[in-house]
Amino acid sequence: MAQFFKAKPNSSKQLSAKQSFSVHQLDHLGAGIAQHQGKVVFIPGALPNETVQAQLTEQKKNYARAKLIKVETPSAERVTPLCPHYQSCGGCDLQHMSLAGQREHKSAALVDIMAKFAGAEGNSVPALTGEGWHYRRRARLATLFDKNTKQLSLGFRASSSNQVVPIDSCLVLAKPLADLIAPFAKLLNQLAAKSSLGHVELIDADNGHFAVIRITKPLNDKDMAKLAQFAEQHQIHICLQDNNGEFHGVNGTLLLPVYQLLDDNADATPVSLTFTPGNFVQVNAQINKTMVAQALEWLAPQPGERILDLFCGMGNFSLPLAKLGAEVIGVEGVPEMVSQARENAAANGLSNLTFYHGDLSADLSCEPWMGKIDKLLLDPARAGAFESLQWLKKMKPRQVVYVSCNPASLARDSAVLLERGYKLQKLGLIDMFPQTHHIEAMALFELAK
């Protein structure tokens, strides 16, 4: 293994002293950017047009990092964070910025990254935005059992740490779920097995509210009865996930969460997607609906068109595309998601789509689905779709819609599309995670004639 010299951070007293910095912009991770002795300094928590007091914590050759100590001259975009856990929880790192300011920053950062790293400039479309608070339909809470007090707490991980920050509510979680945290923690503390419980997942679905408890050993009858009683009192569905990954309803019946799409589309009846707590779903239900609607508008699927949906998951885009008449092929790398997608297609009576399991980072030349298509939809994880795009010559889609959760990989992959003769026609922000620095986007590429 190659070894490289790694310089130790400069920890001189002069560098660690508190200093004043003028912040002129944000980086794409939401940290303020200032200049100091010819270096770029990143200051999390600082905003553009602010003068702040900060302490250098890390020195590199071309940049440094600093800890915000005090805001001396605040930005007009600075607001007081509403969450009492803001300083400790690792979740909402832009709560100190107005919602309008957040979105303006994210949109500008997206355009800048695409221009800088892909040389791509497209027609910027209005951002897809929704509620700034109580937008998450799903959250995983860690459990923290204190051996001294014998009490269990629910919470989120601290920033860049495994430490659990106990919470009793959450301002970005759907209101019914946020209101459930405190009574649910009280319930868990009444269980004999409280010291051996794993994480808890809360889900707000179209068919009810769900709580999933990870258990490391079977619960006794008294504990099961307490869970069943709580479920009935609070009108929620509680299920347990065992060490084998299997799910069991506390009342003997397992109900799975469901959400609908196309329920406001005049050209089609709704589709219902069932998922298990282990499946990936977009956590912002409102934005997911508008995101799917925009993808359908851009692709304009027609009966008989062959559309390939790579990284299709359990059919979030595939089923609506098929519902509008296209012949859809969905490919996904997680076998459980493929099985769920097939079940969802069957439950919705859709026979014009086929799902395949496959490694989309591997050689795709011999895959049964590989061949000429009319249109392509990509919705990859943060790593992007670089390997899949190497097979564009065999697929030759006229249009490509790329849904991205990482602007850096989107820019890299956009360069591949541009090299293959595609032109960026539309680019827009998807504000899936308000109050955070996370940037999601949708881009439309068309093959130049």
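Placement of Cβ uses the backbone N, Cα and C atoms for every residue, glycine included.
For the S-adenosyl-L-methionine site, Swiss-Prot gives Gln282, Phe311, Asn316, Glu332, Asp359; the one candidate out of Asp263, Asp264, Asp379 that the record lists there too is Asp379.
Taking Cβ-Cβ distances under 8 Å and a sequence gap of 6 or more within the same chain, the neighbours of Cys83 ([4Fe-4S] cluster binding site) are Cys89, Cys92, Gln95, Cys170, Leu171. Sequence-distant contacts of Asp359 (S-adenosyl-L-methionine binding site), defined as residues of its own chain at least six apart whose C-beta falls under 8 angstroms from its C-beta, comprise Gly333. Ranked by Cβ neighbours within 10 A across all protein chains shown, the recorded positions Cys89, Cys92, Cys170, Cys405 are led by Cys170. Residue with the densest Cβ environment among the binding-site residues Glu332, Asp379: Glu332, by other Cβ atoms within 10 Å. Neighbour counts were taken at the CB atom with a 10 A radius for the binding-site residues Gln282, Asn316; the maximum falls on Asn316.
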